[in-house]
């Protein structure tokens, strides 16, 4: 055969392989299902085991994912149930909490009001005590002044003299029978005795009249002018409603 013929034959084979495969004389590799493929080789067994292993792994993976999904769903349901329960309890507890808060505010307000009331009461008591103290001092000063006025009426023991100028004891009797005793000089105007008596019994001098032996005593009268004796009695008339005396 010539070289050109050989080259053409090679080219023809390369360009048309299907003709070679489909030719009656071509040979084919038996398939896995053919009777010859049933004679398993070690490599085919390993491949089958690997496929089964991968299949089992895929199934296990699927089962694991299913369990995980189920657990996640149960967990979500549990969390949702707890959240709903908390919201329910919170909703039920809210009125009680609000009521407790109102009670606390009310208690605080009452405490503040009570403290304010106590403080005001203490201030009032202090003011009352101050007024009473001032009144007491005023009364003490008035008593001292009355004492000085009374001493000027009948004098002191050092001023007592014997004879006609010696003081005499005088009993002043009110309409109710109350008796008040004085010591007065004979020359002292009985008007001063009236003022001393009014001061002692807590009345105004102009509301009182003195009587001696049933006759009214004038402001200028003295024990000496009325010829009063020691231990004589002077009666008292007190002004009543309407301006008359009894």
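Glycine is no exception: its Cβ is also placed from the backbone N, Cα and C atoms.
Unlike curated entries, TrEMBL annotations are predicted automatically.
So that you can see what the record holds, here are the features copied from TrEMBL:
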- 1-153: region 'Disordered' (REGION)
- 19-46: compositional bias 'Polar residues' (COMPBIAS)
- 47-77: compositional bias 'Basic and acidic residues' (COMPBIAS)
- 84-120: compositional bias 'Basic and acidic residues' (COMPBIAS)
- 129-148: compositional bias 'Basic and acidic residues' (COMPBIAS)
- 166-243: domain 'Ubiquitin-like' (DOMAIN)
Averaging the per-residue pLDDT over the domain 'Ubiquitin-like' (166-243), what integer do you get?
88
For the compositional bias 'Basic and acidic residues' (47-77), residues assigned helix / strand / coil by DSSP:
31 helix, 0 strand, 0 coil
Across the compositional bias 'Basic and acidic residues' (84-120), what are the DSSP residue counts per state (helix, strand, coil)?
37 helix, 0 strand, 0 coil
Per DSSP, how many helix, strand and coil residues does the domain 'Ubiquitin-like' (166-243) have?
15 helix, 27 strand, 36 coil
